[in-house]
Amino acid sequence: MAKAKQPKKQTPSSSPAAATTTTTKQTPPDWPVFRPPLPVVSLDFDSPIQDKVVVLRSFFPKNLCRDYVSFLRTLPLTTTPGKPKRGMAVRVNDRFQVQDPLFAERLWSETGLKEAVLDNPDLAHLWGGEVVGLNPNIRVYRYTPGQFFDAHYDDSNNLTLSTPENPSLPVKTTWTLLLYLTSSTDGCVGGETVFYPNDRQTKKEAIPINPETGMLLLHKHGDDCMLHEGKEVTAGEKWILRSDLCVRR
């Protein structure tokens, strides 16, 4: 759930549907295979904002990003309403949302992400617990010229994962996952993700992160979420895949 700029909630939502904006149940699509096999580079985290934001560059190679954008164009995207529900941030984009545990598992275990997160003891303190996978609530965002996501906070959510070890594992989300599939090299102008570490939406304190094709960004959410926004796209298209890191409750 993306809340507008306001005092942050002190407890996570207990509803797995809290992150949704539509009640339409979608059938999981036939996602493209990860070709070439991933990862294609050594996945080393950079931290643009210490303990709050980390990135993995070239998480997806550019040709795979192109394949995914071509595929995502075929999905039934829905334009978000210009007038949000009370207490929600203004978001104008086109989106697709689906519950897909199999694809979430693929993103976690077939890309090198699992090893990058779990095999790095220097980062273990960041995640808020034992990371066990990704939120199966997969979201696709497309921003075209004039579209944006106003300043907001991302909630933590409680849900249940099905894992090989436990078909009903209680978890909570702790970090937002954004995978950028386009950038300025693909004709996208604008669309920066801007963080405000002091919860004040001022230009002086803004920390912008430009989209990079194939870059995966993780940022802490819930009680520790920074105020952030997606700047308006002024040319081209910004495509994003979204999920969340899940830790054992």
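Using N, Cα and C of the backbone, Cβ positions are placed for all residues, glycine too.
Automated prediction, rather than curation, is the source of TrEMBL annotations.
As annotated by TrEMBL, compositional bias 'Low complexity' applies to 9-28. Taken from TrEMBL, the feature domain 'Fe2OG dioxygenase' applies to 133-249. For 1-33, the entry in TrEMBL reads region 'Disordered'.
Each residue in the domain 'Fe2OG dioxygenase' (133-249) gets a DSSP state, and the totals come to 9 helix, 65 strand, 43 coil.
Each residue in the domain 'Fe2OG dioxygenase' (133-249) has a pLDDT score, and their mean in this model is 96.
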